[in-house]
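*Asks:* Quick one: the structure is below, questions incoming.
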Amino acid sequence: MGKAKFERGKPHVNIGTIGHIDHGKTTLTAAITKIAGLAGNGDYVAFDEIDKAPEEKERGITIATAHVEYETEARHYAHVDCPGHADYIKNMITGAAQMDGAILVVAATDGPMPQTREHILLARQVGVPGIVVFLNKCDMVDDEELLELVEMEVRELLSSYDFPGDDLPVIQGSALKALECESADEDAAKPILDLLAACDSYIEEPERDIDKPFLMPIEDVFSISGRGTVVTGRVERGVIKVGEEVEIVGIRDTAKTTCTGVEMFRKLLDQGQAGDNVGVLLRGTKRDEVERGQVLSAPGSINPHTKFKAEVYVLSKDEGGRHTPFFSGYRPQFYFRTTDITGVVTLDEGVEMVMPGDNATFNVEMINPIAMDPGLRFAIREGGRTVGAGVVTEILE
C-alpha cells in the first residue's frame, strides 16, 4: 500500500497513551493505527516498530518515544507512546511531546495500579487538558459486574485528581483482539472506532499558538544608530504588529514601550508571528534597559514571579546528571527560555532528599523575577551542566 498523503486541511491534535506497565498502551497504539488504516485513515504501525522507539534528546535528557500518526474524518492525530515508565515521566515533565489530550489505558484484569495513579497525577500537574479512558483486556473478564466496578474505580480515581471522572468517556475493549481484525467492520474493531470518536468529540482542539497573546523571549539586544534599540528572538506565541504597545517583563521592573519596526532576514515586515525569528525595534528604549532573559509581551498578558511550585525530573548519573543526592536549601540555576537565574529549592514536608533519577515537587524562590505562567518548562543547571528538567505547576508569588 502506498503512503497516503495527509490532508493538512484537518485540525491537528497531539495525543498520547498513558497508564501502568503491561496494561496494553503500545498494543492499543498499534491497534489504533491498524483500524484507522483499515478505515482508510493512515498506515498501520506494528507493535514491534513502536516498542523499539528511538531515543531523542530534549533539554539534555534522553527519552525514548514512539511517534505514529493517523486520521479520523474530523482530525489529524500525532500520537506518542513511550516504552518505559521513566520515559513517560521525563516526557510529561520536559514537554518533549506536547499532549492536547491523553488516552489512559487500564487493564480490566488489574484495575488502576501505582503507575496509573502516577500518570494521572502528572497529567494533572503538567496540565494535560483532557483524558479519555480505554478499559483494555475486557475479553479476559467474564463478569459484567466486575467490568462495571473497575470502570467505577477508574472514574473515582480520575475525579480524585480533579479530572471530570463522571463525565469523561470510558471505552471497553481489547486492543489485542482489535489487532487481529482484517476489516474495520468486525466487532473487535468497534471499540477502537468508538475510542477515536470519543477523542474527536471529547478532547478539545488546542488553541493555536498564533491566536494566543504575543510573547517573544529576548535572546539578543542591539542598538542601531539613529533608529534605536532592536531585540531579537523567536516569537513563541501570538502576533506583533508595527505600532503596537508591548511590555518588557522579567528580571527588572516591567517597562512599557512601542514596537516601531519588525524585521526578518534583513527585510522589514509589518508584523511577526509565532515561529518567526525576528528583530523588533523598540521606541525610546535604551540598549541598557533591556537584556537577554526578559520577554517582550502583549501588555498585561504575563507577569514576573520569583516563587513557584514545580514538578521536576532529576537526571540520573548515567544521563550525565549529579552523582549525589541534594537536600532542601539546594541552590542551582534555573534556565528559563534564554537565561539562567539562581534559585533556592525547598522540598515538600517529609521529603528528606532527592536522588539522581527521581522526580519530585520543588518549591523554588529565585533571586530575580521571570515572566511565567503555569506550564512553563525549564532546565536545572549547575555550572552550565543540565542536571534536571521541570515544569511550573503553580505560581506562589
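Any Cβ shown, glycine's included, is placed from N, Cα and C.
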*Asks:* Which range is it, out of 19-26, 51-58, that shows up in Swiss-Prot as region 'G1'?
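*Replies:* So the range that Swiss-Prot calls region 'G1' is 19-26.
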*Asks:* For the record in Swiss-Prot, which of the ranges 73-76, 81-84, 153-156, 185-188 is the region 'G3' one?
*Replies:* 81-84
*Asks:* For the record in Swiss-Prot, which of the ranges 45-49, 60-64, 220-224, 360-364 is the region 'G2' one?
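*Replies:* Of 45-49, 60-64, 220-224, 360-364, Swiss-Prot gives region 'G2' for 60-64.
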*Asks:* To which of the residue ranges 112-115, 136-139, 300-303 does Swiss-Prot assign the term region 'G4'?
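*Replies:* My reading of Swiss-Prot: the region 'G4' range is 136-139.
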*Asks:* Calculate the distance in Å between the alpha carbons (Cα) of His85 (GTP binding site) and Thr26 (Mg(2+) binding site), and round it to a whole number.
*Replies:* 12
*Asks:* How about long-range neighbours of the region 'G3' (81-84): same chain, 6 or more residues beyond its ends, C-beta under 8 Å?
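*Replies:* Here the qualifying positions are 16-17, 25-26, 29, 50-53, 63-66, 68, 91.
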*Asks:* Can you give me the Cα-Cα distance between Thr26 (Mg(2+) binding site) and Cys82 (GTP binding site) in Å, rounded to a whole number?
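*Replies:* Cα-Cα, rounded: 8 Å.
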*Asks:* Across all the protein chains here, work out how many other Cβ atoms are within 10 Å of the Cβ of Thr26 (Mg(2+) binding site).
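*Replies:* For Thr26 (Mg(2+) binding site), the 10 Å Cβ neighbour count is 22.
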*Asks:* Output the one of Cys82, Cys138 that, of all these binding-site residues, has the highest number of other Cβ atoms within 10 Å of its Cβ.
*Replies:* Cys82
